[in-house]
Amino acid sequence: MTFNLWACACIVVVVVLTFYLGYYGSRTANTTRDFLVARRRVSANQNAAAISGEFLSAASFLGIAGLVLKEGPDQLWYAIGFTAGYFALLLFVAAPLRRSGAYTLPDFVEARLGSKGLRGVAAIVTVAIGYIYLIPQLQGAGLTLATVVPGTPEWAGIVLVTVVVIVNVLSGGMRAITLVQAFQYWVKVFAITAPAFVLFTVFVVGGPPEGQHDLTSTKIPVFTADTTVTLDDSVRIRVVEPIRLEVNGVVDGMPANGKAIWLSGVKDVSAHTRLSFPAGATVPMVEGATVHNSDWLRPQSGGRSALFNTYSLIFATFLGILGLPHILARFYTNPDGRSARRTTLHVLLLLGAFYLFPALLGALARLYEPGLLVTGRTDTALLLLPQAMLPNVFGQMIGALAAAGAFAAFMSTSSGLLVSLAGVVSTDVSRGRVRDFRWSTLLVMVVPVAAALGLRSHDVSLGVGMALAMAASTFCPLLILGIWWRGLTWIGAGAGMVVGGVCVACAMITDIVSGYTGDWAPALLQQPALVTVPLAFGTMIIVSKATHRRRPEEVNRIMLRLHAPDPLGFIKDRDVLRFGEGQSDGRHRRLAIRSRLRARRS
Amino acid sequence: MTGEGEDGGQQEGVTRRPQRRKKVVLAESKATRGVARTIVELEEQTSVGEHLVRSLVRAQFRTALTMALLTMVTLASLPLLFYLFPDFADLTVFGIRLSWVLLGAAPYPLIYGMGVWFVRRAERHERDFVSMVDR
């Protein structure tokens, strides 16, 4: 692939517009309320676009199409689960959470359960979820830039996204990124609909590529032209039908150069190996991909363990979305509970519109770009497909558009995560002034950038799946029980969060270790939600019942505030109570302290 | 302590510790004007007020749970159907696999429709509550 000028231009345009909108949005941002909740004056429609923009991360934009290419329609449960997760958010959380008047999730915990200690636990879990979610975003940015502009190292994309996001968040916090995220939603919608329509037209007019097997046949996809694939990472490839190929590199630990015949079996191919396949050869695929087209086309062809995986995924997404701190943070920007509900409803529409397209693109990629199944880099399907189908300037332009959309995805999600993490750190660790917020922003970003540079890049969606499992096993039971059940005590909530969080963390660590040492971990560890979520719910209920004397005394008044309709005027915004209205930096507080000292002396 | 603060002048007020600050309400929002008495009742946690709130919470929760179960049972039955009846998973309608339509497009209108329905019912519960309070 040659140097793609169009892609560079498109990415630069999106980055510059992001800077500009961030600057435009942050002109009048100077108070803590601006930085954390955009003064709570964001309209339902704008907030819905911003929430969708924030949520449609790399996992949605690139990941789902790639997973469909690799494993078939079962992977569409990610998209369905995400949308259904927002539905659960609408049903159980949106309006009461906004009415609680909290600033961040830990703030809600303190308001509802009245425990400072638990607030700390919630802050730690928030940061953990944020990091698990942020690392794949940054890695995806590196991967995308390296794909569309060959020759750039992976760290370049990571650094680019980090810089843009930090500058925007530093300049205006939530105020700045609201506008940016709303804009980026529309960029992403355009960047997925335009390629989908154009490429589908090409497919209808031109038909499938010459020599490629029909998706309904029982055959394995083949290379339709002589293809050379260079591996960036070492992969384990499963060969089903014997193929003739040319190898330059290391296979099964032995150097291999020249022509070779691979019989059926598993091959460990090291990084930087070059494989050249003649036209007509069947595509050997990475372990885990569905080999035969007929199996690929039919949902639930993977037997009982695949069924378990699907249900665990549905469970994790349906309940995980409503515990994602960066998503919840956006709901605090609505003026009242009713508009929070309207916002969520609008989000359902916006997400549904977007998710109509990844399935189509994944299927097209299986016909036109089967080479990705060798390297396992199926996340890049959407970026490479346009050029594979239209090998001319037009294809380059469409591919550039997709790349721009992918960058919008990385930037909007990372900035949302960064604002919510910096909000939590600045209000929990320090005193929650604008200055603290800015320092927290810089501090918070160090770990994920380092991790993104250091860790092996996994499939982008899987990291997100883990973050969801974590959210579903910690904040989800806390929010649902906290909002709807008077009996929750802080001890019960803390115990449930610790049990759920530790179980998911153990599963995740085991899974990563097994990924480095030969994939021995069972499916349960990749999708632990089906077990950990009931465990967390059960712990919270049982421990709360055992400690029912610790129920907060004000529980009735708190329930009233959470559920009373907005016109009755029970919303009490905690930020006003806690931080003082319109306080911009330490100056007012210093003056107050000075006069207090003077009064004490006299 | 608070009694002391009331006769101290404005100058004194500035120098007090933050927890002694008084909340000053300059204007009530127009919607709360007519319902002041029952709001006091709610805020004071009288048995009437508590009962009202409890029944509102219960009604909202029942609605939400019903909607969640309806939607989830509909959606979550799909994987099991595909697993148990491979012929159903292979069904083709107008040249397109039905299973792909059921997984790729159909859930979104369903979820949005349920969302609209829920918001209507939740807001109706709230209106009922307000009108009950606003006697």
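Indices start at 1 and increase along the chain as displayed.
Every residue gets a Cβ built from N, Cα and C, even glycine.
If you look up TrEMBL, you'll see A:6-26, A:47-69, A:75-97, A:117-135, A:155-173, A:185-205, A:311-333, A:345-368, A:398-425, A:437-455, A:461-481, A:525-543 (among others) marked as transmembrane segment.
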Leading stretch by Cβ pairs under 8 Å, where the reference is the transmembrane segment (A:6-26) and the options are A:75-97, A:155-173, A:345-368, A:437-455, A:525-543: A:155-173
Highest-contact recorded stretch vs the transmembrane segment (A:525-543), from A:117-135, A:155-173, A:185-205, A:311-333, A:345-368, CB pairs under 8 Å: A:311-333
Highest-contact recorded stretch vs the transmembrane segment (A:345-368), from A:75-97, A:117-135, A:155-173, A:398-425, CB pairs under 8 Å: A:75-97
Contact check, the transmembrane segment (A:155-173) vs the transmembrane segment (A:47-69), 3+ Cβ pairs under 8 Å, seq sep 6+: no
Annotated stretches the transmembrane segment (A:437-455) and the transmembrane segment (A:117-135) touching (3 or more Cβ pairs under 8 Å): yes
Recorded stretch, among A:47-69, A:185-205, A:461-481, maximising Cβ pairs under 8 Å relative to the transmembrane segment (A:75-97): A:47-69
Interface-richest range of A:47-69, A:117-135, A:311-333, A:461-481 toward the transmembrane segment (A:398-425), CB pairs under 8 Å: A:47-69
Contacting positions for the transmembrane segment (A:311-333) when only residues 6+ beyond its ends and CB under 8 Å are counted: 36-38, 40-42, 47, 50-51, 54-55, 77-78, 80-82, 84-86, 88-89, 92-94, 97-98, 102-105, 126, 129-130, 133, 174, 178, 340, 343-344, 413, 416-417, 419-421, 423-424, 465, 467-472, 474-476, 478-480, 524, 527-530, 533
Sequence-remote partners of the transmembrane segment (A:117-135) [C-beta within less than 8 Å, at least six residues beyond its ends]: 57, 104-107, 109-110, 323-326, 413-414, 417-418, 420-421, 424-425, 428-429, 444, 447-448, 451-452, 455, 463-464, 466-467, 470-471, 474-475, 478, 490, 493-494, 497-498, 501, 505, 508
